[in-house]
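Note sheet for the following structure.
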Amino acid sequence: MSSTVQSTGRTWKKPPFIANPVLRWGLLIATVAYVWWAMTSLPFDWDRIQDGVPRAIRIFKGAFPPSFIRGELLFDGFMESIKIAIVSTLLGLALSVPIAFASASNIAPKWLYTIGRGVIIVARSFHPVIVAILFVKAVGFGPLAGILTLTVYSIGFVAKMLAERIEEIDWGQVEAIRAAGGATFVTLLYAVIPQIMPRQIGLSIYQLDSNLRASAIVGIVGAGGIGSTLLNAFGRYDYDFALAITLCIIGVILVSEAISGRIRRNLW
Amino acid sequence: MVATTQPTGPDAIAHREWSRYTTKERWRRYGVMALVALAVVWSLSTINIIWPWLWDAPEQMGDLFARMFPPSLDGWKDIAWTLLETVNIATIATFFAVFLSLPIALIAAQNTTPNRFTLWLGRFILVSSRSVNTIIWALLFVAVFGPGVLAGILAIIFRSLGFLGKLLGEAIEEIDRAPIEALESVGASRFKILIYGIIPQVMPTFFAVSILRWDINLRESTVLGLVGAGGIGIILQGAIDTFAWQTVATILLAIIGLVIIGEAISAYLRKKVI
């Protein structure tokens, strides 16, 4: 009886997210200290930042209403972006398939596996913009640099995902073809490829969409497409045209995302 | 009737040929293939490529890599320092973006949004944030606040909001209703329902998504400098403009190292949290 009387006086407290109090307070203090340190050590140029508000007002005044007067330039830029995306997706896929086979641990010998994974890691580590700069230096300004960049970008993603799919295949079919005396190439063609085909097609469509997005940004460093048009508009302080381009980029990305999502849903 | 058709039956079955696709499927496949071929031919024939440049490309690339070798260690202090700056930009921006994305996620989730207007407002914020790339955000903020780390941090925050808000919003939409009803039945206020009913349920997703975004932001912050928004990109651009290819090689190696370490840390943290 007395215990129930006592328990009514207690109030419930939410259990803390991290049970250990030392760890909890330690993490909190460490986070606060880090944020404070980072904010004070980063080189902010406060004088220039104070100019920001009037500048922002001027930019937004200049940007509204968006100007579609140079519609032809806009259209050409987009067409170039789409072409870059198509060609680079095709090239990237053609190169990703052998690289994916090379970097699947259940198929490739150890030495080939190491090389394949190395290629994927290098292709994935660099942001497409960095790759684009290098290609612009090597092959000059224009869509060619964009195509090469996005080819590398596609390899990094498609080869990785495809290699993972190859590692998950049902091994029984491979054994069956081998038992029937199939050569290595025949085994790949009839036992492995049919199993990875659905994933491959899904990835291709995803990558086309992804390359279209990326082609809008590699143009900013001179690799052709709508990004170049956008950078020029920014450089000439044509903020109304820049806004028009940005709105069109958003529109195109939403449409392409919707289309690719729909196709992939139907596939899987 | 049965007797007359019987002999032809097995015969016909024996002579049938197996094919993988029906006629309709086959024509659809040819159609898709023709479409793809057409798109490729159209792109290649109309794109503005200067072909001699392409044939020249392997030689040029070889030359570029030859100039990069061996990577030069001069100025490694600068590189290390800006690398740290890059990490700080990514981390600080992720930190703020995570807090700012919470209210957006709440109004963009169907079950927690106060009304229809806020739902559409939330969705509008998410879509516009997600469809503008970090580099384009950076371009805008460099024009507004001048070149520097602030532009970079803001660009990453604005881009991350959409990503974090969308994934968190989806997590909020999938929560278990029962704890919320329990809280409502004892008369908890909206704020208390949020703190005690919703947040504990989305906490694991919250951490997982934040760590994932930090990893992505680390990669993106390496290129912000190319449009003047701080980080290692600035000295990379400087080295490229002065044709200091050996320094470029060092910077590129440093970026690979950073990205790989970042991936390892985020993988470790993810395992720890979930």
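Glycine too: its Cβ is placed from the backbone N, Cα and C atoms.
The domain 'ABC transmembrane type-1' feature in TrEMBL is assigned to B:83-266. As annotated by TrEMBL, transmembrane segment applies to B:30-54, B:89-109, B:135-158, B:193-212, B:224-245, B:251-269.
As a quick check, the transmembrane segment (B:193-212) and the transmembrane segment (B:30-54) miss the bar of 3 or more Cβ pairs under 8 A, pairs 6 or more apart, so the two do not touch. For the transmembrane segment (B:89-109), same-chain residues at least 6 beyond its ends with a Cβ under 8 Å from one of its own Cβ atoms are 118-119, 121-123, 125-126, 149, 152-154, 156-157, 160-161, 164-166, 168-173, 194, 198, 206, 210, 213-214, 217-218, 220-221, 224, 230-231. Listed as Cβ neighbours of the transmembrane segment (B:135-158) (distance under 8 Å, sequence separation of 6 or more from its ends, same chain) are residues 85, 89-90, 92-94, 96-97, 100, 129, 217, 220-221, 223-231.
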